[in-house]
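A.B. asks: Pulled the feature table from Swiss-Prot, pasting it below:
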DISULFID  Cys54-Cys64  disulfide bond
REGION    190-211  region 'Disordered'
TOPO_DOM  1-7  topological domain 'Cytoplasmic'
TOPO_DOM  29-81  topological domain 'Extracellular'
TOPO_DOM  103-115  topological domain 'Cytoplasmic'
TOPO_DOM  137-163  topological domain 'Extracellular'
TOPO_DOM  185-211  topological domain 'Cytoplasmic'
TRANSMEM  8-28  transmembrane segment
TRANSMEM  82-102  transmembrane segment
TRANSMEM  116-136  transmembrane segment
TRANSMEM  164-184  transmembrane segment
Amino acid sequence: MANAGLQLLGFILASLGWIGSIVSTALPQWKIYSYAGDNIVTAQAIYEGLWMSCVSQSTGQIQCKVFDSLLNLNSTLQATRALMVIGILLGLIAIFVSTIGMKCMRCLEDDEVQKMWMAVIGGIIFLISGLATLVATAWYGNRIVQEFYDPLTPINARYEFGQALFTGWAAASLCLLGGVLLSCSCPRKTTSYPTPRPYPKPTPSSGKDYV
């Protein structure tokens with residue numbers, strides 16, 4: 001029997017990670033302008049996401065420009081977009097599958113083993129979703145580091161990690177942890193031994209033997 005509390009905890013953590021992946025994908029602060037160096041501009045903040053780039057003025061006014069051309073984007077941004085969207089879609093599938101396998105739900109009550117396997121499959125899908133998010137954020141973050149330390153990159157064109165990137169890392173961690181907890185509900189095989197057959201007891205003879 002699977003631990004219902006462990007299942008519920010894993011489902012909640014993985015679901016929170018899935019929500020975090022959506023928030024991270026939508027936020028425009030994947031990388032923010034770096035103020036390191038001599039060229040320091042404090043009147044505005046420049047940041048860029050997967051779908052747009054924005055400039056925030058000190059007065060509170062924000063101007064954003066959506067990336068219109070798909071072919072004009074670099075390969076890292078395109079791959080990050082694809083992985084994040086795939087991770088979100090997989091997380092949605094995992095939520096439906098895991099819900100069926102939860103012990104607190106009444107689906108598949110007649111088949112306890114199949115119900116537990118549904119929870120395990122949902123946990124595995126959550127693991128794949130978390131890996132997709134982790135690879136996407138790590139790849140994008142590595143690109144930021146490479147460009148920051150590249151001597152050919154101008155000082156006024158260097159960026160640092162943004163809030164959305166940290167949100168994505170936290171979301172991936174929650175999805176992975178929740179997926180592991182759900183996968184721990186895998187039904188264990190029990191060794192069955194053959195039941196010994198009872199031998200009939202000899203019945204005592206009712207009469208006496210005569211020679």
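Heads up, the Cβ atoms here are built off N, Cα and C, so glycines get one too.
Quick caveat, the model's predicted, so the values are computed rather than measured.
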A.B. asks: When DSSP states are grouped into helix, strand and coil, how many residues of the topological domain 'Extracellular' (137-163) land in each?
C.D. replies: 16 helix, 3 strand, 8 coil
A.B. asks: Tell me the Cβ neighbour count for Cys54 (disulfide bond), meaning other Cβ atoms within 10 Å of its Cβ, over all protein chains shown.
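C.D. replies: I count 16 other Cβ atoms within 10 Å of it.
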A.B. asks: Return the average pLDDT for the topological domain 'Extracellular' (29-81) as a whole number.
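C.D. replies: Mean pLDDT across the topological domain 'Extracellular' (29-81) comes out at 82.
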A.B. asks: Count the Cβ atoms, other than its own, that fall within 10 Å of the Cβ of Cys64 (disulfide bond), considering every protein chain shown.
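C.D. replies: I count 14 other Cβ atoms within 10 Å of it.
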A.B. asks: Short question: which residues 6 or more past the ends of the topological domain 'Extracellular' (137-163) have a Cβ under 8 Å from it?
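C.D. replies: Same-chain contacts beyond the flanks: 24, 27, 29-34, 36-39, 47-49, 76-77, 79-80, 83, 169, 172.
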A.B. asks: Give the helix, strand or coil assignment DSSP yields for Cys54 (disulfide bond).
C.D. replies: strand
